[in-house]
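What follows is one structure encoded as structure tokens, with my remarks underneath.
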């Protein structure tokens, strides 16, 4: 019996071994087949694009110098974004190709071509450039927005969409945002009580800073703030550093295109970004480190804000999903990405509305009709505030926060708008050019909210890319809901709670642009007078 068992076992083992070998052979054959098919497809694509490169021309553009391309023009004609805009205007084109060093930069101001890139060829243009400023701000590419298309990006984007910026999380954080909407009214009302004008830029930027700090850290201030509800020195440093970093990130730095010059800082941008990044981290990281320790020690057991969510995320083995560096850098990127768009749109919208009282009156009338004058406007009212949202949407169109969107790098050769775009090219959508394109927008320089009104609900997203709000595609902003909420609530509270006029002795708000960025040259300032019953205004911060 023992011999039979042994023989059977030997036979079974032999059969298993043979079966295993057969399976291995099958796997190898399948793998080989897939590899051959993939290679054939790649070769066909390569041949197709080689043919395309012969059949389709490169986009028009200035003649590059040998080796350095159009770097001399980039340096000579600062700010570079205005030179590019004028170049495209002079060439009468909605797409061009400018060579900086070995990099092909492709600005686009046509919505049809923009949709080709972010919709039809979204997968091809999903990469990001590797440059020093992006590497610095992301802690070595640990985040989402500026990170190349790789596994780290996929991991962090999944965290954001499923755990941080989801509709359920948005609802969970409602009360924190509501506190900051009340705080905004408290601050502006105190300016009136002190007979001061309201600097809308300060109010808007620090509302945004307060909201994201409250959602992230459960605190409005790093320090004590000011008695009137305004920002303290720490908050001013924080927000100023964020806007400085944004100004120089993808700011046509010489070393972005001639990387062998990295570290020499020939145009001074590298040092500026490093210092701004240090300021942001010096204020935020101690809070993050303290909270991580509280969870590790068991001192903290309940989630209260987004920082708690980041820290308590677990992988399939029950271990922390994110390490401290990933948490710190992703939080820094969220801070940088949250404040600028809402603040810029509201500042410009308020300037335009104060200068056009008939439009301001229509927005106020809508608020009185939808909300009434017996309570303050709330997030639940947003779907019904079409005119208010149209005012914000028109500010996005006419006065974008940045000249260009974050670059989309081509991961392979492509044909866009009947032009050949080589692999490695940076496609940059011109927010300025798209929103002011006369082929898309009649009378494009006129601020006219009513061009956005239709029979349905007005939304701030713009998937047809006739202008850029939160972009679209796999590299689009994942926080459109939060952005829409912040912008609409900020603008609605300002308009519902106060009557706005130019400051005393001023007949019209100056709406000229800064030379080196797209903010108003002079911060929008107005005189705000309460228009509701006194008991509706918050009396404490």
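Glycine is treated like the rest: Cβ placed from N, Cα and C.
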Candidate set 22, 505, residue annotated N-linked glycosylation site in Swiss-Prot:
505
Rounded mean pLDDT for the residues that make up the topological domain 'Lumenal' (42-541):
95
Cα of residue 505 (N-linked glycosylation site) to Cα of residue 277 (N-linked glycosylation site): how many Å, rounded?
40
Rank the glycosylation sites 277, 505 by the number of other Cβ atoms within 10 Å of each Cβ and report the first-ranked residue.
277
Residue pair residue 477 (heme binding site), residue 277 (N-linked glycosylation site) - Cα distance, angstrom, rounded:
22
Measure the Cβ-based neighbour count of residue 477 (heme binding site), defined as the other Cβ atoms within 10 Å of its Cβ.
19
